[in-house]
């Protein structure tokens, strides 16, 4: 007899699974008959050895923790005739063999064995299924009820829960004699109530190993049941088999124009650690269509790092990859670009259980698939793997032309082509797409476009998703075309479906226009140019490109705010502002060298006057267009380096007012050499209740003079170096044809407390925003000065017309000395020094003398006037005078013809006194005027 040890301590399981399995040993003895090469003595020796092993080996190995099974096999018997015996010598047979023969049944059922195991030893029963050459075995479990529960659904590896009763499967047993289970791949261990999925053998043989330590089982105690089927393996012979490979095939289009390809054990669970290749070779002019009707592989992640199906657009794996697929897929249809295609199926060697069935795909070679010569290689690209889909990508502001298949000739009926158009979209770019049709001929019998159509998707719909397929924005056929069409974002898609009625199709042009996400009217010439017309909208918003996202680099954007007429002005307010400046201390003026925002007054004839340049985090102050302008212009400039969030602002068109706005005036008065002006309500706070303020002061000096402006008090909300002057701003023009200086804050820097004009004119404005909180405002003193260095270098003249300032050396009008206002500038109070006290006292005494002199002169003049008037009245005295009251005056002569009686004077009347005594000693005159006077 011969000893065949199928399991040893080095291979502790009947199939290679894990070192954690219960160790079992099967010893198989064959009967020995004397022959030419075997003597009777030899057989007796072998028999004695076998008996000793039967007696001693079970006890020894059982003490080591092994279960031993001994089989007796007679020479010449088939595997189905194997007789089994267990170590408890109960004589029960539980192994079964199913062999496919021409006479036997090709299908049937199998059930769990009936066992009587009173001592509770582990029993093993093998169910062996052997197919005929050219056949495979198909196993299906219809009932499954074994003790134990698979941990977390896993049935391989560490399976402590399947330690008492389970089934091991082997479906990848190579065709060899004797059957080698030790080196055969393990197909999984199963217990509980969830049966294994269907299995198809990779070769001719499949083995089911049942293990249990149950005491007994009866007819009603059925543990598992299933069906088996022997079937031809023609479906797996998909082409010409490559020698010395398991599942590599070549499919020739001249031999087989269409058919199926399947994974090696489909629809059963596919093996692990396997690589299959299906190479399709057609003739020139053909294309290959591959459609996966069923696809179920292990899903290891979105990039399919484990089991996967790879499709290459060529003869080998060096060709372009069309796609990598895993998991469960639906509606996967692939077209080759030319007449070659390669499909590979790879599974990894792993302990994790997987019960996926693989795939079933149909292929077809044909010359009638769409020719791809209608796709422009300059403007678009064929979507590899599709019949006629194409992708059009922007080249930054470019355009592209696309056609329907076979254009300008009639298109092929019953085809579907997709067009995916993408503008640029990244941190620097964002484009929209304009679609125009130059030719359109898709006939349809009715307006429903039931026989051919072109659907347009403008909202960025993913037309590869089925439920979005019907959510189109436009459906075109016949002549219902009304281009242009604009995408809402950076993606536009089209689906062309040809009906049975043929037409020449269409020719369309795509234009990629940068989308800046700026409210306003874009320029028809493109670019970042926007216009805001008063006649269209009185108020609104504007912002940097793509705000609040970062604006693009290397860009110039223009915002034009256009008035409806001279009776209007426009105001701008900035609510957010952050423009890149490498130097954090730079925020205004020509120091902004990287990115900046500039604001201009625009006049008739195109003349532009800069109001300011801003950068950093410092907000521009409120801006109002000057009288006589046609509007304002804002320019954003960015360089090629880093970018920030930009700005957001508001604009308002209002009725125009006087040249001095709400407040302010022309401070230049003939003969005036200095003056004082303040913000509204100063020293009280200006606030929102005062309304929007826009004040303008203009000052002009004499020739060869300058204007010195000094802010004696200043409190305007804001902070120039941090948050800017968004709510209120004072602007000072030292020269009218140059940008002003913009200031705000609670405390001014020294260089901003005093300003000197660069000519004989100066302008000051004060503007508040609609969200102003309020502040005390300012008090400013202006002085007309002469600077010797600017007018020939001479000193102040000696004619007494000027006063020379001690520190600044300015020459100011003499009358400004000691006038109570510092007129010499910052840190120079020489015109209001200590000498002003004596000068004031002298001036006061001189004023008193002058007043007394003037009073005396006035009294003398009055007395002289009174005398003159009195004498004139005497000359006009009437004749009817009572002389009794005027004894000093002689009576007038009487006319002899008068009817009045004569009067005689007494002789003792004295002569009249001198005239001076008449005004001091005589009583008042009494004049009696007659009726005839």
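A Cβ is built for glycine as well, from the same backbone N, Cα and C atoms used for every other residue.
Of the candidate ranges 848-869, 870-891, 892-913, TrEMBL annotates residues 848-869 with the feature transmembrane segment. The predicted model assigns the domain 'CUB' (388-513) a mean pLDDT of 89. A Cβ distance under 8 Å defines the sequence-distant neighbours of the transmembrane segment (848-869), meaning residues of its chain 6+ beyond its ends; there are none.
Between the domain 'CUB' (528-654) and the stretches 247-366, 388-513, 663-785, it is 663-785 that has the most C-beta pairs under 8 angstroms. Assigned with DSSP, the residues of the domain 'CUB' (94-231) fall into helix, strand and coil as follows: 6 helix, 58 strand, 74 coil.
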